[in-house]
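Notes follow once the structure below has been shown.
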């Protein structure tokens, strides 16, 4: 007889929602602390007493507490009002874009929800009679019509949660940007705390709400399904599909928006007019700062939420047809949710190290503080995984493995989750090595600017290709070990392990755009160069950690996609995927081509949008008298409108490509060809995504290396406005759509096609392959 888990069902029913509630409460606490920084001028008397009373605190964070503006004789009252005005403009622009984007996303969600219901309901002719179970021979399961209805509900739940996550993230970021700028007057440590706490609000809200909604959906669906866990968890896969489909629009639409504004602002402002970044004279500067929030915050939040939902769904589907599901063992069945619950607590402890236990006092402590967050969260989570595996799993159990049940031990599952967790850290730090200007690869790219933009581009592309090697080995090792032990379930929980510290990962990711915006606000508000130096230091650390975050996202996407692929193959009744079969091989070729087609569409979209932006910025500089002199105000609203209209229009074709491919291939060519398409897209997409993200990141930081002039080598390449710097700006501009549009969106392409295939697998298995049936 198989031993039961130590943790009883009642305890599991409490642990998951309590962990989610703790995560949400912690996010609210961080928000309250951030809101104590007021974006309003203080009366002079209070300001003076605050300055005097805070001297001790100022010394603690490595800077005197009194305001720099007062020392330099600037008008503090006007500066604060200007910050508030800029913050409002950025917030309104971001909100307006997201509402427009969500209207289109809502229309798509409605149409696709109907498609799910019609396709899945038609399997048994919309019958309400119970059907034979697919895996449990001799047993009856709920009707296909019920699965269609609940899959549709799960899809809508996932989509709405994804949209809300992205929107809340954007609101938090636009709430915190000016507050970070204002705190920078008191020291870099104060500004760091505000930016990081704000990122933590987003991280914990998203991780906790995603877990809570999934937990509630499982329990509510369970009221109808009862003992039919096979049907229950098959329907739950719709949650992952909803999350990822909305993430696609967020990543592609937001990515096109932000890079159109960024490229337009840089090419005309920096290269042609030789004015600084975020100069208020640049008409595209507000659109550029809005873009940071809709692309890097809202899009990224939806993307990582989609990965979390899909990895959980893939693990639950496989578990439901293993001994956990067959024997109705609730606690082991909820193992993926228990991992996420412990992850929230581990990340909470980790966050305290940055905000309470140790304070950042100097500029050079910022980046190490962020990196320590990743290391500490990984170490704490390893202990948490061991605890969950000991309490939540029986020592011996069986896992479904392509038609057979494989005997597995609890320590093997612990190993899989831990390998995924640590592989994520390895990928993150390798990404940092290739994209941070503290190391030789980026410095070599910067040095290549001596001979112009062409050699900069050549060196940058070579760096991107080379940076693929070690991450692919890390992913391959994770897959080999995970699959060798508990089969596809091991791969699914390895992906979940990589995402288990999602709250900390998102906090660090969101910190970057918040700091970037803070620097932009400081420049536009006319604050002193010393404050801009502090915000630049925050932003530079954020750029590096953002690259690490992209590495995590790509690595987890690869594991999630493979886990979903395994679940799809099992559900479609395929025992082996034979590449020597023509049906499969043509699918492999087409699948490997799709990331290139998708990247071409997104890159051209950014180019088209940027072209319109460049023309508008040039027009304003040429036609508005006094704009270059700073006596006239640019028309920011027109640039915001160009970015909004173009990105909404341009996001539809790439989205249609991703969403329609599995439906067309599965229906007309069958499940074998579709399995080839999924495998090809996974293998090709991961490598292009890593290369594109790292190439763009390296060009960006090579430019910043020259601008900062922190070393003798960097000074020899500068200053700003030199031929070397202009070559670096061109490389950065080429890299913008690679690292912030095409690269990150490819994660969603490979995940979304896999989860969509899994949701529609029953339909494809029954009616798919229309063309081959008549050939």
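Placed from the backbone N, Cα and C atoms, the Cβ positions cover glycine too.
TrEMBL: automatically predicted annotations, no manual curation.
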**Asked** Pick from 104-123, 224-243, 244-263, 264-283: which range has transmembrane segment per TrEMBL?
**Response** 104-123
**Asked** To which of the residue ranges 61-85, 286-310, 411-435 does TrEMBL assign the term transmembrane segment?
**Response** 411-435
**Asked** Per TrEMBL, which of 333-354, 509-530 is transmembrane segment?
**Response** 333-354
**Asked** List, by number or range, the same-chain residues at least 6 past the transmembrane segment (333-354) whose CB is under 8 A from its CB atoms?
**Response** 7, 12, 15-16, 19-20, 22-23, 26, 196, 200, 203-204, 207-208, 210-211, 214-215, 229, 308, 311-312, 315-316, 319-320, 324-325, 360, 369-370, 372-373, 376-377, 380-381, 384-385, 387-389, 392-393, 413, 417, 492-493, 496-497, 499-504, 507
**Fill in**
Listed stretches 14-34, 411-435, 456-481, 580-598 vs the transmembrane segment (487-508), most Cβ pairs under 8 Å: range 411-435
**Item:** Same-chain residues at least 6 beyond the ends of the transmembrane segment (456-481) whose Cβ lies under 8 Å from its Cβ atoms
**Value:** 415-416, 419-420, 423, 426-427, 430-431, 434-435, 441-442, 444-445, 448-449, 490-491, 494, 551, 554-555, 558-559, 562, 686-687, 690-692, 694-696, 698-699, 702, 727-728, 730-731, 734-735, 738
**Message:** Within the same chain, where does the transmembrane segment (143-170) have neighbours whose Cβ lies under 8 angstroms from its own Cβ atoms, ignoring anything closer than 6 residues to its ends? I mean 6 or more beyond.
**Reply:** 94-95, 98, 102, 105, 109, 112-113, 116-121, 123-124, 126-131, 202, 205-206, 209-210, 213, 217, 221, 224-225, 231-232, 234-247, 250, 293-294, 297-302, 305-306, 309, 510, 759, 762
